[in-house]
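These notes concern the structure reproduced below.
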Amino acid sequence: MGEERKGGVGGEEETAASAARAAEQARELQDAAAALLTRTRAEEEALRRRAAALQGELRRLRKAAADSHADSDKVEEDLDRATCLIADGDVASLLPSKTHGTFLKMFLGPVNLRATRKEVQLKVKEEYNSYRDRTALLFLGFPVILLFLRQWLWNGCFPALPVQLYQAWLLFLYTTLALRENILRVNGSDIRPWWILHHYCAMLMALISLTWEIKGQSQPDCARKQRGVELFLCWAIMQGFVMMLQNRYQRQRLYTRIALGKAKRMDVVWGETAGVEGQLLLLCPLLFLLQGFEGYVGFLLLRTAHTGVIPEWQVVVCGVLLIAMAIGNFANTVDTLMTKSRFKAKMKKSKGKRDLDTCPSPTGSSPTDSIAKA
């Protein structure tokens, strides 16, 4: 009995000693981790200052080269190589990120959305492209099904619930696209500001269209009064078809451009004219046709509201938004084509630029060609 008691006391003492050693090891580990993080932060801050100083020096040298016009091809080639390493390498994570903006702060709060590891940034970009591929199919399929059921099941009149479900899905789609694109911009993707603004307008249009009064077959002359909904769905079908073609062609082209060193891995496929010449011959007419049809649908919505067929303020606002988006899309497409043309002319004049296709960047990209960027 006494031996058992002694054994129990000895075991308790041994346990207490082990716990004390574990606590001491935890404190030592905490001190070592804190010291490491302090050194890392100090080294990172030093690298940030060096990167910011070099970025400012590159801007100054570009301005000086543009003013002097002395051996501009060789100077610009060296400056482009330096920019390539800074903008698309690991140094990019040390540079000041773009501001989050009101939209991100409104939805996510004042959190840091800048990924420090390149593989995380690329994962965000790949998920964004996959999301667009998936939603393009729904964008096309949803209105096709609604129009088919209207003709063969609903006797020419839309019930309220299916249409409102589609409009709610559009609101969700454009909100998520805008959120993802803002996050990508914070992480270095060169998305044109117009596309994000376009999605803001589309969000507003989807939100307003949710308030449309749709009474279905209980409404007298419902087919005529639902003309605005029908026009909107026809536009959505055309938009979905063009989106699927765009995604397919531009994704293939972007992979090729990254392999050749002509685009950054963080660039995305969202844009109007990122394809090769043969693809542009197909895409450009479709894009201009879509933009014209978008403006035409907006005009018809305004006309139906003016004539009293659909005398609702929602139709007027949606019509104005469609016309504004059509004009913005057209202007952006023309600007992209003109930029592409100027870039090709510049490349033909400067033989030294050919070497930049193999810019020795860790990500294998070149900053000289931004045409594939969205």
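Using N, Cα and C of the backbone, Cβ positions are placed for all residues, glycine too.
Just so you know, TrEMBL annotations are computer predictions that nobody has curated.
Taken verbatim from TrEMBL:
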REGION    1-25  region 'Disordered'
TRANSMEM  135-153  transmembrane segment
TRANSMEM  165-183  transmembrane segment
TRANSMEM  195-214  transmembrane segment
TRANSMEM  229-247  transmembrane segment
TRANSMEM  268-293  transmembrane segment
TRANSMEM  313-338  transmembrane segment
REGION    348-374  region 'Disordered'
COMPBIAS  360-374  compositional bias 'Polar residues'
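Residues 129, 132-133, 136-144, 146-147, 150, 158, 163, 170, 209, 212, 214, 269, 272, 282-283, 286-287, 289-290, 293-294, 297, 300-301, 318, 322 of the same chain, all 6+ positions outside the transmembrane segment (229-247), place their C-beta atoms under 8 angstroms from a C-beta of that stretch. For the transmembrane segment (165-183), the residues of the chain that approach it from at least six positions outside its boundaries are 100-101, 103-104, 107-108, 113, 124, 127-128, 131-132, 135, 138-139, 142-143, 146, 189, 191, 195-196, 199-200, 202-203, 206-207, 209-210, 212, 236, 268, 270, judged by C-beta separation under 8 angstroms.
Long-range contacts of the transmembrane segment (135-153) within the same chain, counting only residues at least 6 positions beyond its ends with a Cβ under 8 Å from a Cβ of the stretch, are 162-163, 166, 169, 173, 177, 230, 233-234, 236-237, 239-241, 243-244, 247. With a threshold of 8 Å between CB atoms, the same-chain residues lying at least 6 positions outside the transmembrane segment (195-214) that come near it are 103, 158-160, 163-164, 167-168, 170-171, 173-175, 177-178, 181-182, 185, 226, 228-229, 232, 270-271, 312, 314-315, 317-318, 321-322, 324-325, 328-329, 332, 374. Tertiary proximity for the transmembrane segment (313-338) is limited to same-chain residues at least six positions away from its ends with a CB under 8 Å from its CB atoms, namely 192, 194-195, 197-198, 201-202, 204-205, 208-209, 211-212, 228, 232, 235, 271-273, 284, 287-288, 290-292, 294-295, 297-302, 304-305, 371.
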